[in-house]
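Single-structure report; data block below.
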């Protein structure tokens, strides 16, 4: 949906904690070093820090709140987590709109991927190799180990250490500056993942890739290509600053990969559709450049790859209001795969852009008959209802959706719009208050709910609900403030 293209919000940094998967074979004989940090922070405290930093990220970085891409990276990530050992917290995978090649993980099971990874990863297994590596950093508690080491050398508060270390993971140069502001000691070796941490994350990442059914050779292949491409670059991507790729590390990953079962992994249509969507809408390039990229790729594409490339072209045509061209490309794709949510979403965009709301609703309701709880379809339907000015029905659906998905930015944004256009000022203020809370802007959230409470009838159920939410927000604000001390 085009609404979600524009609804990319912002965010900042942190790291997670899990325990360690051991793989006792003759060729996986590296020591388990990650779990030594278990005493630094409890898992419960790490989850609190992770939630706090996720709120900061929403307020400061361009997070991609696109339901389709969120569904894709969540599915990919969860498939890998299911093959990892000793997972102690839920995981959350999300995208940041940034052409730089980078990924980072932080407290509470959060794994961030830059959209730039889609521009350079040629297969799903290559993208999965980066995600598996980050998952391994978390299951081995490498950030907690770095904190433990820093605590032994510098008497910083836990909050200061967490903040500077996690900032370093997501934005290396800014992170280094942040730590230097809190200690005069040399900290480069403390904030960057150590050579042993990187080798351990590679080893366990390859194991996870194999268990999850991906191509284990994707990791050394992707790392080698990045190393060759940026070997002499004056400004290498952030991933190479936090994850250095010396030749011996690439050789080691290649050697380890060869000791796992070798398999031919078929092309992933979902990956190529997600990649096309990123290039069309989230790569930071203009429409002409996107079309040029798709047209060049089509010249050497297989028939299966051509489908995703034509899908990407159709998105560009929709966004540039070339509706006839978009329809010509999308119609055969949708007819061949009517339950494909990438195509359903694009057809919805095409209909809404032309104010053809009834066909869009009919198509989505048919899909919802077989997938009644799918978030992508539900948000698409409510989006059509809002744009078609059917606010009453949209509010019913969105209230149910946000109750089930309280951290979904899209749901709250649509609900705010529906309330405001329906004349419910109090409801609009409350929905906006939830968006503020998701960004850790507690004062603004409380102010919104206070205003909403004053607008509704004295003693009404709505007022009681708003006042109860104010009490909850104050508790959250106090907990959030305590983490900074």
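Count begins at 1; order follows the chain as displayed.
Just so it is clear, glycine is given a Cβ too, placed from its N, Cα and C backbone atoms.
Since the structure is predicted, the reported quantities are computational estimates derived from the model, not experimental observations.
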Practice task
Check TrEMBL: it lists 133, 137 as binding Zn(2+). Then name which of 92, 124, 198 it lists for that same site.
Solution key: 198
Exercise for the section: Using a 10 angstroms cut-off on Cβ to Cβ distances, just flag whichever of 133, 137 is the loneliest among these binding-site residues. Expected result: 133
Exercise for the section: Between the Cα atoms of residue 198 (Zn(2+) binding site) and residue 134 (active site), find the distance and write it as a whole number of Å. Expected result: 10
Completion exercise
So residue 198 (Zn(2+) binding site), by the Cβ count within 10 Å over all chains shown, scores 23
Practice task
Only counting partners 6 or more residues apart, tell me which same-chain residues put their Cβ under 8 Å from the Cβ of residue 202 (active site, proton donor).
Solution key: 133, 136, 219, 249, 252, 253, 256
